[in-house]
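Below is one structure, written out as structure tokens, with a few remarks after it.
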Amino acid sequence: MGKYFGTDGVRGVANSELTPELAFKIGRFGGYVLTKDKERPKVLVGRDTRVSGHMLEGALVAGLLSIGAEVMRLGVISTPGVSYLTKAMDAEAGVMISASHNPVQDNGIKFFGGDGFKLSDEQENEIEQLMDQPVDQLPRPVGADLGTVNDYFEGGQKYLQFLKQTADEDFTGIHVALDCAHGATSSLATHLFADLDADVSTMGTSPNGLNINDGVGSTHPEALSVFVKEKGADIGLAFDGDGDRLIAVDEKGDIVDGDQIMYICARYLKGEGRLKDNTVVSTVMSNLGFYKALEKQGIKSIQTAVGDRYVVEAMKKDGYNVGGEQSGHLIFLDYNTTGDGMLSAIMLVNTLKATGKTLSELAAEMEKFPQLLVNVKVSDKYKVEENEKVKAVIQEVEKEMNGDGRILVRPSGTEPLVRVMAEAKTKELCDEYVTRITAVVKEEMGIE
């Protein structure tokens with residue numbers, strides 16, 4: 001990670017860390033790096049429903065105009081909507097203003113290249129180097145060469161038309177409960193499933209600028225669980241603030257996470273002959289039960305570091321078409337270039353319709369191992385990988401597990417923490433293993 005760019009673009013508290021001044025620089029220098037080979041580059045800009053979105057959009061767009069870009073403002077739209085439209089409309093770049101599942105005070109800015117994919121580390125480093133130069137030496141067009149800005153709010157409808165084409169058949173007879181987190185999918189998802197002839201009940205669809213992700217959405221699926229049971233829905237679909245994640249709820253109100261959704265869809269696509277190389281790409285955080293269930297179905301798996309960008313990189317490299325994270329970032333590369341909550345929802349409902357099974361029946365085919373994750377505050381998180389005593393206790397625990405469990409000890413990507421995760425046959429064993437390992441981590445490098 002760089003000075004400004006984290007694992008998913010630039011993010012911070014709006015108007016305090018992510019200021020309008022910084023947004024202007026990101027627009028100016030980021031826009032230049034992505035469009036410097038084009039005389040009048042087209043750049044699409046979308047945002048979620050946060051109150052700070054208008055402020056940051058104005059500053060970001062000003063930066064883009066200062067390098068001569070033709071900016072098209074999409075208004076409120078999901079992150080995957082920006083990704084799709086950037087490629088579909090032959091734009092040089094796309095920008096999304098959102099902090100995804102974070103609380104309302106945060107916001108963020110993430111770029112997409114003309115191919116619809118997120119930026120590489122090299123591109124982000126180039127942007128940061130330009131931003132930190134003592135003197136701004138970028139060209140400054142004047143007069144007719146200055147950039148222009150226009151609204152293209154029809155972009156959302158163009159994106160919905162694309163999504164509708166990914167449904168194998170209409171959804172007549174399926175009662176869908178949606179939780180849109182008072183975010184970017186609030187209007188889009190409701191129209192999408194109604195147009196596909198599903199019976200639709202909604203919650204989290206009344207954004208006021210301040211209530212995004214507040215007790216709703218994919219990070220709070222328990223709210224949808226209650227709603228599904230109240231409405232008697234067949235399936236609940238929870239998105240996050242910018243619509244790039246999906247967590248589902250079955251007809252009994254039980255939560256179905258990203259691992260389970262990936263397994264369900266991958267198994268169905270394999271049966272249809274549509275799973276490339278019979279392989280799924282996931283991160284090291286996926287549940288051990290996920291891998292065992294895939295293996296049972298003759299499906300191979302590849303693991304990457306945590307972060308959907310690393311999943312996408314592995315998929316692109318070897319041509320795989322299904323991947324994702326337990327958190328609900330699910331990528332179906334045949335259709336879109338990034339995690340897409342609404343697309344994932346269609347893939348899941350396609351499977352329900354085709355199999356005639358309930359979501360609880362499909363989810364039961366993957367037996368999840370009990371999992372426990374504990375964060376330990378440390379003085380230097382990177383030293384954990386070299387510490388001999390930590391390595392020794394991990395080896396000791398793994399020997400006891402004898403293949404019926406898994407240990408993962410890694411530094412956090414964003415905080416001064418070491419994450420200790422255990423999966424085992426029982427919750428009691430998870431507790432025991434994590435307690436033993438965290439005790440050694442604290443003793444060796446912990447801080448109060």
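Residue numbers in this text run from 1 along the chain shown.
For all residues, glycine too, the Cβ spot is worked out from N, Cα and C.
The phosphoserine annotation in Swiss-Prot covers Ser100 and rests on sequence analysis. In sequence order, Asp8, Thr79, Gly108, Asp240, Gly241, Asp242, Asp244, Arg245 are the residues near Ser100 (phosphoserine), counting only same-chain partners six or more apart with C-beta under 8 A.
The Mg(2+) binding site feature in Swiss-Prot is assigned to Ser100, Asp240, Asp242, Asp244; the stated evidence is sequence analysis. Classification of Asp242 (Mg(2+) binding site) by DSSP places it in coil, neither helical nor stranded.
The active site, phosphoserine intermediate annotation in Swiss-Prot covers Ser100.
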Open item on the list: Can you tell me whether DSSP puts Ser100 (phosphoserine) in helix, strand or coil?
Closed with: coil
Open item on the list: Take the mean position of the Cβ atoms of Ser100, Asp240, Asp242, Asp244, the recorded Mg(2+) site. Which other residues of that chain put their Cβ within 8 Å of it?
Closed with: Asp48, Ser78, Thr79, Ser98, His101, Gly183, Ala184, Phe239, Gly241, Gly243, Arg245, Gly339, Gly341
